[in-house]
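Written below as structure tokens is the structure these notes are about.
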């Protein structure tokens, strides 16, 4: 169901862009939009390794300084039939977060030092399985496509409104009629596109949760990890929702934690998780101790 919903949302994004373009430049809008989207996707492709190391200042983890985590990532990646084992990084930050970037040919996964210190072994495996599922499903490309189409919609809307306001004196002089529907479309299309992007992001999170369960054979580790992170770290969106501001959930990039936990709990475990390790190696403990807490330039990608 989430795959179908994701496909429909992407079609919706293209439809909004096409309608907006048609209102601005006419029937040729679709051809220009497809060409521009292709150019932006090609130009915006970034190596997962380069993104994490260059933008977030991450510390590489490998068999030397984190043999247990490297082993877990390798086993999960093989279970997901990824062509390349994702590179693993540590983000020096007390925030409890994880992220996956890049595509299947160049994947990378980053965990914060706070997450590695806090989560028990089985829950950390659940988080890793979730990130591996993101890579397996190509979510970085899917969301980049959505953002690209949304950016085109925004650009065409802005161009259309600019041309409209610039032509107002002439329109008033000639008595030409302006379609209220066209004006409304130009104003509302960027908002609708943003809402569709956010909805797509939430759908992809549910898919990654399901993918993690498929890899592990047990929904409990990820459910317990999500609940622990929510309890220890909290969620500003949840606090606003508890005050009755429920409509703000439309602007979340992730579903609510408890909705995700509920869906995971509804899945009957088919097997116990097979991937385990006992504690942290001395090498990884040294990496955690030496992590600079000031380097916190990390994406706010809450699980």
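Glycine is no exception: its Cβ is also placed from the backbone N, Cα and C atoms.
What TrEMBL says about a protein is an automatic prediction, not a curated fact.
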Candidate ranges 91-117, 118-144, 145-171; TrEMBL annotation transmembrane segment resolves to 145-171
Under TrEMBL, which of the candidate ranges 177-196, 197-216 is annotated transmembrane segment? 177-196
Matching 30-48, 49-67 to TrEMBL annotations, transmembrane segment lands on 30-48
Transmembrane segment per TrEMBL, picked from 7-24, 223-240, is residues 7-24
PLDDT averaged over the residues of the domain 'Peptidase M48' (65-267): 87
Checking distant contacts: for the transmembrane segment (177-196), what same-chain residues at least six beyond its ends satisfy Cβ-Cβ under 8 A? 9, 12-13, 16-17, 19-20, 23-24, 146, 149-150, 153-154, 157, 160-161, 164, 171, 250-251
